[in-house]
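Record features, source Swiss-Prot:
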type     : residues                                                  : note
ACT_SITE : Y153                                                      : active site, proton acceptor
BINDING  : S17, I19, R39, H40, E63, L64, N90, Y153, K157, V186, T188 : NADP(+) binding site
BINDING  : N94, S140, K141, Q147, Y153, A184, E185                   : beta-L-fucose binding site
Amino acid sequence: MDLNLQDKVVIVTGGASGIGGAISMRLAEERAIPVVFARHAPDGAFLDALAQRQPRATYLPVELQDDAQCRDAVAQTIATFGRLDGLVNNAGVNDGIGLDAGRDAFVASLERNLIHYYAMAHYCVPHLKATRGAIVNISSKTAVTGQGNTSGYCASKGAQLALTREWAVALREHGVRVNAVIPAEVMTPLYRNWIATFEDPEAKLAEIAAKVPLGRRFTTPDEIADTAVFLLSPRASHTTGEWLFVDGGYTHLDRALV
């Protein structure tokens, strides 16, 4: 299926690895132009693969917790391409800031995981109105299930879902669609780092995978990317304000089925 994304310009925050990297790559395969916003330069092999798929794909170094950098990077994107068709808010980290961490640590977690979602939307929306574009917010199943000992991350992910609905309402008259994708267990570099903290990482992986109803396996970054890119496309032209769980039934299906 042609998603009709050729030459559409899409900013992807945290778009150089993991879920964000998969989204950038899928956009390039659809002949869209991904603009990767990331703190650190992407791996050379990733950039080469991206350029093979879409020579106009671009990386911009951006510290998303710096509002001025967000503003300037969006302005640079517009100066380079003359338009903006989509925003994928993706960057963040499950940082383990729980109830014992204190207010300052909690607020810092919101800065890492939530505030830049708003900042990016704030600076992108005027341009998205001009193209009747789309926003996709990458959230997490922790927004609806909790996890324990990660208050900052869960608060951020829950707020992202609320903002998805709020922005969908606020932007409806401008034809800008806003949706959220909600992963659960996805094997990414950050997830591997977390698994490595367990005494027996392989046993922990097997334990988690066994609880996923559909296929007893982890969701892949590509499966998240497929959904996100579809939502960015005209093929999802009457879909807005939705929360799409892409998790093999992990969040909602009866665990007795497993």
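Just so it is clear, glycine is given a Cβ too, placed from its N, Cα and C backbone atoms.
Locations of recorded Swiss-Prot features on the structure.
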residue: S17; record: NADP(+) binding site; CB count, 10 Å: 19
residue: E63; record: NADP(+) binding site; CB count, 10 Å: 14
residue: N90; record: NADP(+) binding site; CB count, 10 Å: 28
residue: N94; record: beta-L-fucose binding site; CB count, 10 Å: 19
residue: S140; record: beta-L-fucose binding site; CB count, 10 Å: 26
residue: K141; record: beta-L-fucose binding site; CB count, 10 Å: 19
residue: Q147; record: beta-L-fucose binding site; CB count, 10 Å: 16
residue: Y153; record: active site, proton acceptor; CB count, 10 Å: 25
residue: E185; record: beta-L-fucose binding site; CB count, 10 Å: 17
residue: T188; record: NADP(+) binding site; CB count, 10 Å: 19
Once N94, S140, K141, Q147, Y153, A184, E185 are set aside, which residues in the chain still have Cβ within 8 Å of the Cβ centroid of the beta-L-fucose site?
T142, T145, K157, P183
Integer Å distance between the CA atoms belonging to S140 (beta-L-fucose binding site) and N90 (NADP(+) binding site):
10
K157 (NADP(+) binding site) in three-state DSSP notation
helix
CB neighbours within 10 A of R39 (NADP(+) binding site), counting all protein chains shown, number 15
If you measure the residue listed as 'active site, proton acceptor' to A184 (beta-L-fucose binding site) at Cα, how many Å is it?
14
Those residues of the chain, 6+ apart, with a Cβ under 8 Å from that of A184 (beta-L-fucose binding site)
S140, K141, V212, T219, F245, D247, G248, Y250, T251
Expressed to the nearest Å, what is the distance separating Q147 (beta-L-fucose binding site) and T188 (NADP(+) binding site) at their Cα atoms?
18
Excluding near sequence neighbours, so keeping only residues 6 or more apart in the same chain, what lies with its CB under 8 A of K157 (NADP(+) binding site)?
N113, S139, S140, T142, A143
By the DSSP assignment reduced to helix, strand and coil, which category contains S17 (NADP(+) binding site)?
coil
